[in-house]
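Participant: The structure is given below, and queries will be raised subsequently.
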Amino acid sequence: MGLLAGSTVLILTLIWGSCVVVGKCDIQNSFAIDNKDTKGYSLTGSGVSTDIWTSYAARIMVTSVIPFIIVQLPQLLNSNLGKDIAVLVSLIVSVALFLSYCLYQVFQPWIQRRRIAYAKHKHVISGILQHLKKQALGKLLRDDGEPNEEIIKKLFHLMDQDGDGSISYSELRAMIVGIRFDEIELDKDDAVGKVMEEFDTSHDSRIDLQEFLDGISKWIHEAKRLGDDSSNNDPHTMKFLFDFHSRTKQEHDLLGAGGQSDEIIEGVENPKWTTFKAVLMLLAGTLIAAAFADPLIDVVDNFSSATSIPTFFISFVALPLATSCEAVSAIMFASRKKKRTASLTFSQLYGSATMNNVLCLSVFLALVYFRGLEWDFSAEVLVILIVCIVMGVFSSFRTVFPLWTSSIAFLLYPFSVALIYVLDYVYGWS
């Protein structure tokens, strides 16, 4: 239990803070600029930024502490009754959370692709509206704020290059190719296909005048709804289009869509063999952990006897430092100083803490329940709850972490060690 608590605390404090320091870049307009580190150790002007998926990983980590709360309920109520039931319920909940987390990992890439595709489509909408605004000299709206149908009709005829009364796929593509979409990676054919699908309600692969009017009016109303935050926004200035454009660009960046080219995965030549090898390595790792667990305990006991250091502090402080593979891989990833690698780094840390809270705890609770052991780890549970909730909530609602945020993580580590010492050896909680 000391190793479980120490590992979680180490990941979310010293390693988390070190990744911010190692991966820091210049912060401009609420984003860290990849590979640009000219501000030194500025507490507010230097730091890291992540995508929105990393924030979701932090929220999942916070949710994963629920089994710890359940198993501690009898102690919180100062009651000896129901301890076994609390352990069993906590075991069931932790296993359910573990299975749910696995399913989420399976379906997350699909969810991520769908949201990125939708964000890119909104960016196409924004770009086209900005383009039409320039073509229409900013008169897309009437004085009452409604779409100006006469101007939209003129724009339709400008796009209808062959004058046949409809916009074809090639004419629509010619317009989209001529629009600069802030240098985002955009599949032009896919963008044309989505616009054609949205406008072409008659399904004849052409956009007639009425379909064009309906489609542009729908887009304008959507842009006003999502982009207009100002009550005194003059419809003639159409400031809401700029707001809508800024928001779609920000959403695109937060989703990490710009780094998708880094994720291009080639087809696996032999998927069955790859799956078999992956399962085999998991089993081998489990067997190694089982074979060395008992000797590791003996080493801790012997080292404790030789140095007069309490066994708990060896397992809570020394073992996590010696066995934490996350430290090396996370810091190496963070040192690449890119938003993409920073997102992967912090997602890895939150994921490791989540697995500690659900998988490792499940194994531990199973041993306690089926062997009739006593659950008496109030100090360890309290430290895990404090660190996971503080760092999880702090990371759930922001994607930019200036350098000063690393101090919060660094200070939590000595606080955790001191708290364990006071609770265990002064008040005798465990």
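Quick reminder: no glycine exception, Cβ is built from N, Cα and C everywhere.
Heads up, TrEMBL stuff is auto-annotated, nobody curated it.
Quantities reported herein were computed from a predicted structural model and do not represent experimental measurements.
According to TrEMBL, the protein has these features:
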{"type": "SIGNAL", "residues": "1-23", "note": "signal peptide"}
{"type": "TRANSMEM", "residues": "85-107", "note": "transmembrane segment"}
{"type": "DOMAIN", "residues": "147-182", "note": "domain 'EF-hand'"}
{"type": "DOMAIN", "residues": "187-222", "note": "domain 'EF-hand'"}
{"type": "TRANSMEM", "residues": "278-297", "note": "transmembrane segment"}
{"type": "TRANSMEM", "residues": "309-334", "note": "transmembrane segment"}
{"type": "TRANSMEM", "residues": "346-370", "note": "transmembrane segment"}
{"type": "TRANSMEM", "residues": "382-401", "note": "transmembrane segment"}
{"type": "TRANSMEM", "residues": "408-427", "note": "transmembrane segment"}
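Describe the structural context of each listed feature in the structure shown, including burial, neighbouring residues and relevant distances.
Facilitator: Below 8 angstroms of C-beta separation, residues 60, 63-64, 66-68, 70-74, 354-355, 357-359, 361-362, 365-366, 368-369, 375 of the same chain, each at least six residues beyond the ends of the transmembrane segment (85-107), sit close to that stretch.
Residue counts for the domain 'EF-hand' (147-182) under DSSP, helix first, then strand, then coil, are 20 helix, 3 strand, 13 coil.
Within its own chain, the domain 'EF-hand' (187-222) has Cβ neighbours under 8 Å at 120-121, 124-125, 128-129, 132, 140-141, 147, 149, 152-153, 155-156, 165-169, 172-173, 176-177, counting only residues six or more beyond its boundaries.
Below 8 angstroms of C-beta separation, residues 319 of the same chain, each at least six residues beyond the ends of the transmembrane segment (278-297), sit close to that stretch.
Listed by sequence, the residues of this chain that lie at least six past the ends of the transmembrane segment (309-334) yet keep a Cβ under 8 A from its Cβ atoms are 2-3, 5-7, 9-11, 14-15, 18-20, 22-23, 48, 296, 300-301, 303, 341-342, 344-345, 348-349, 352, 417, 420-421, 424-425.
Through the fold, the transmembrane segment (408-427) approaches residues 5, 9-10, 12-14, 16-17, 20, 310, 312-313, 316-317, 378-380, 382-383, 386-387, 390-391, 394 of its own chain, all at least 6 residues removed from its boundaries and within a Cβ separation under 8 Å.
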Participant: Counting by DSSP, what is the helix, strand and coil composition of the domain 'EF-hand' (187-222)?
Facilitator: 26 helix, 2 strand, 8 coil
Participant: Which residues of the same chain, at least 6 past either end of the transmembrane segment (346-370), have a Cβ under 8 Å from a Cβ in it?
Facilitator: 1, 4, 7-8, 11-12, 15-16, 19, 48, 50, 53-54, 57-58, 60-61, 64-65, 67-68, 71, 84, 87-88, 90-91, 94-95, 97-98, 101, 326, 329-330, 333, 384, 388, 392, 395
Participant: In the same chain, who gets a Cβ under 8 Å from the signal peptide (1-23) while lying at least 6 residues past its ends?
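Facilitator: Cβ under 8 Å, 6 or more out: 47-48, 311-317, 319-321, 323-324, 326-327, 330-331, 333-337, 341-342, 345-346, 349, 352-353, 356-357, 360-361, 364, 377, 380-381, 383-384, 387-388, 391, 401, 403, 405-410, 412-413, 416, 420.
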Participant: Restricting to the domain 'EF-hand' (147-182), what is the model's mean pLDDT?
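Facilitator: Mean model confidence (pLDDT) across the domain 'EF-hand' (147-182) is 83.
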